[in-house]
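Q: Input: one structure, supplied below.
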Amino acid sequence: MKNFIITLTLILTLSHPGAFAAAKPAAPPNPLLSKTIAIDPGHGGYDPGAIWGDIYEKDINLRVAKAVKKHLERAGAKVVLTRDGDYNHAIAGLHGREAKRYDLNQRIKLINAHKADIAITIHVNSVSKRSYEGAEAFYHPKSAEGKKLALAIQQELRAIPGMKQRIAKISNCYMLSNTRVPAVLVEVGFLSNAHERELLQDPAYLDTLARKIAAGVVIYYTAPAGAAKQGILQKTATGLDFVFRIMEHTFFAGNRHENSRCNCIIH
Ligand SMILES: [Zn+2]
């Protein structure tokens with residue numbers, strides 16, 4: 001009888017590993033399940049953005065944006081892309097700045113029409129100083145939520161091995177100034193830097209960038225309330241500490257002598 005009970009206990013334990021464990025507290029609801037996130041791949045169509053030889057910013061933007069969508073959907077969010085192919089939203093007859101402004105307004109209308117909770121516009125930087133490298137997030141100076149989102153994304157991007165330790169910065173560019181919801185512009189790297197140009201052509205690196213941008217969004221939504229309760233969110237809580245540390249101690253000091261900027265006067 002004793003052997004029978006031991007055998008039965010063993011079978012039950014193996015087939016139901018949690019059968020004899022204490023009941024665990026229910027996991028907190030996933031806040032991303034109720035969120036719509038707009039991802040805007042910058043440029044498109046006749047507007048290539050930054051160019052280096054036959055490498056176009058618009059193509060990198062779209063690859064990263066599609067990968068961010070994939071990762072955020074896996075995390076439970078609804079994701080809308082403002083474009084999912086090689087085009088922009090300007091209409092025939094418009095040219096130059098007027099066409100660009102029309103395109104951006106259409107993207108903003110899409111973000112609003114989908115009632116997106118946040119928006120992230122994806123770009124690639126290019127400057128005359130070829131030593132500049134590293135991904136960086138920008139937010140509008142009047143958006144506290146945009147700043148929080150940018151800091152969360154920035155700290156995740158900084159965690160990519162070998163990544164230049166840039167900081168989130170302010171920008172008054174058109175998308176950030178005119179999007180009603182918290183919005184962040186991410187320049188995923190510098191096409192003008194030889195090393196980063198190589199990386200930006202590597203699908204695995206683009207996926208890493210996308211995963212980190214998505215992780216920043218998860219931190220933005222999950223860190224404030226009860227984040228440390230679940231193992232999966234421990235990293236989140238640590239991440240938020242880091243975000244706040246940047247905000248309090250190094251953000252403003254760092255911002256003054258960082259002289260790269262979002263190259264998006266009419267973005
Ligand atoms: Zn751009």
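Counting starts with 1 at the first residue shown.
Using the three backbone atoms N, Cα and C, a Cβ is placed for every residue, glycine included.
From TrEMBL, for reference:
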DOMAIN    108-218  domain 'MurNAc-LAA'
SIGNAL    1-21  signal peptide
Q: Quick one: average pLDDT across the domain 'MurNAc-LAA' (108-218), no decimals.
A: 95
Q: Run through the domain 'MurNAc-LAA' (108-218) and tell me, per DSSP, how many residues are helix, strand and coil.
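A: For that range the per-state counts are 48 helix, 22 strand, 41 coil.
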